[in-house]
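Peer 1: Under the heading domain 'YrhK', TrEMBL lists 26-80, 98-152. The transmembrane segment annotation in TrEMBL covers 32-53, 59-80, 101-124, 130-157, 164-188, 203-223.
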Amino acid sequence: MPHFFSNRPRVHALVRRAGNRVLHFRWETVNATLYTVGGVVFMVGSVLFLPSLSAWENVGAGAFLVGSLLYLLVTGHDMFEVLANHLDRRRRRAVWRVLEFWAAVAYLVGTLLFVAGSVFFFSAFDWIGPGAWCFLIGSVLFLFGAVVNVLEIIFAATLKTLQLLNLTAISFIVGSTLFCVASIPFLWELTAEADRLLLDTYLAWLFLVGSVLFLAGGLFNYWRAWLVVRSGPAPDS
């Protein structure tokens, strides 16, 4: 699933907001590492939802849950960073700061819905309908957040960072759209077993491709942050 991205300077070291950019980049590295591990786990969960691996569906739901919890650490950290920026009285309260705040809220709530949806997919509950609704609403929230972040991209320090921002945006928007599309058929009632088998295979592949795009978007975003730090002035020690 996607998470917050922006071309403004991020302050990831929440307990030391006036620190140098390398310190903040270290915290962004922690953020990106959690996101990457969560992305890989989510991809494993998507594979295990293929009908040919139905015996492992509980493991797949568990992978979705673990991946969602790792994503929750990332979106929670993003939320605190955005909230601190939003409440900073030294900054002018522009409409983009308000939209940025609500985008971060959308990412956080969407992740919480994915946590709940993953739990509902366990065979012990087998609440496929509520789980599908959680994934669908969460995906719509992710799409909203990504679109808002895209609208904020009006400049970048270099062409390379601008390209990476655009790649991040495309990956997150397309991935969110695929998850939206894949969640809807779980609300249908299909009586023909052959139809259900074919549809489940198709949906599992949509989830897998969406998960790959989410992971790629996170890596593009981290690459951009690394370029910004590398091209900046020498940091204070």
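FYI, residue positions are counted from 1 along the chain as it appears here.
From the backbone N, Cα and C atoms, a Cβ is placed for every residue, glycine too.
TrEMBL labels come from automatic prediction, so no person has curated them.
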Peer 1: Need a quick answer: max count of Cβ pairs under 8 Å to the transmembrane segment (59-80), which of 32-53, 164-188, 203-223 is it?
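Peer 2: The stretch I would name here is 32-53.
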Peer 1: Using Cβ atoms and a strict cutoff of less than 8 Å, what residues sit near the transmembrane segment (32-53) while being 6 or more residues removed from its termini?
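Peer 2: Same-chain contacts beyond the flanks: 1, 3, 59-64, 66-71, 73-74, 118, 197, 200-201, 203-205, 207-208, 210-212, 214-215, 218-219, 221-222, 225.
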Peer 1: Per DSSP, what is the helix/strand/coil residue tally across the domain 'YrhK' (26-80)?
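Peer 2: The domain 'YrhK' (26-80) comes out at 52 helix, 0 strand, 3 coil.
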